[in-house]
Amino acid sequence: GIVLVAINPYEELPIYEEDAIYAYSGQNMGDMDPHIFAVAEEAYKQMARDEKNQSIIVSGESGAGKTVSAKYAMRFFATVGGSDSKTNIEAKVLASSPIMEAIGNAKTTRNDNSSRFGKYIEIGFDKGYHIIGANMRTYLLEKSRVVFQAEHERNYHIFYQLCASSSLPEFKDLGLSK
């Protein structure tokens, strides 16, 4: 299959804006510079042409930008495979990310917001190739982090968020006071 090697620049770049999505939409692989949008377009075209499921595997070491690359691919699909409710679906898919990050991300020596779990995101399309929903599953959560962290590392973000909110009235309803 197609392999794209990307480097996390650790800053926002204009190459991920909506006009870049439209520039890659409808193009053939290799007609433009290598880009996550080119990979997403190729998967989208093959899904429509062959009527078969497609997969994009995003892998790399901590801090490589895997989560951000996946978000860009989802944004591409929401834009080119959208419908009247595309922004609503994109918003719902992308809105789940901060919650997942709070529960499954932690500060490591290499990354302040490192995913300590894997994600499998399945995006559903209707017969017209419009997004109709998404399902996110997590796997391989690093359970040892709950009871032990290496020097200069932290527990999951949610632990500190819960501690910081322990004085709020809503906290007592969680049954975590003891």
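Just so you know, the numbers here start at 1 and follow the chain as drawn.
Glycine residues also receive a Cβ, built from the backbone N, Cα and C atoms like all the rest.
Curation does not apply to TrEMBL; its annotations are automatic.
Straight from TrEMBL, the features:
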- 1-178: domain 'Myosin motor' (DOMAIN)
- Gly60, Glu61, Ser62, Gly63, Ala64, Gly65, Lys66, Thr67: ATP binding site (BINDING)
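Neighbouring residues of the recorded ATP site, listed in sequence order and excluding Gly60, Glu61, Ser62, Gly63, Ala64, Gly65, Lys66, Thr67, comprise Asn8, Asn111, Ser115 (Cβ within 8 Å of the Cβ centroid). The binding-site residues Glu61, Lys66 differ in how many other CB atoms lie within 10 Å of their CB, and the one with the most is Lys66.
Computed over the domain 'Myosin motor' (1-178), the whole-number mean pLDDT of the model equals 85.
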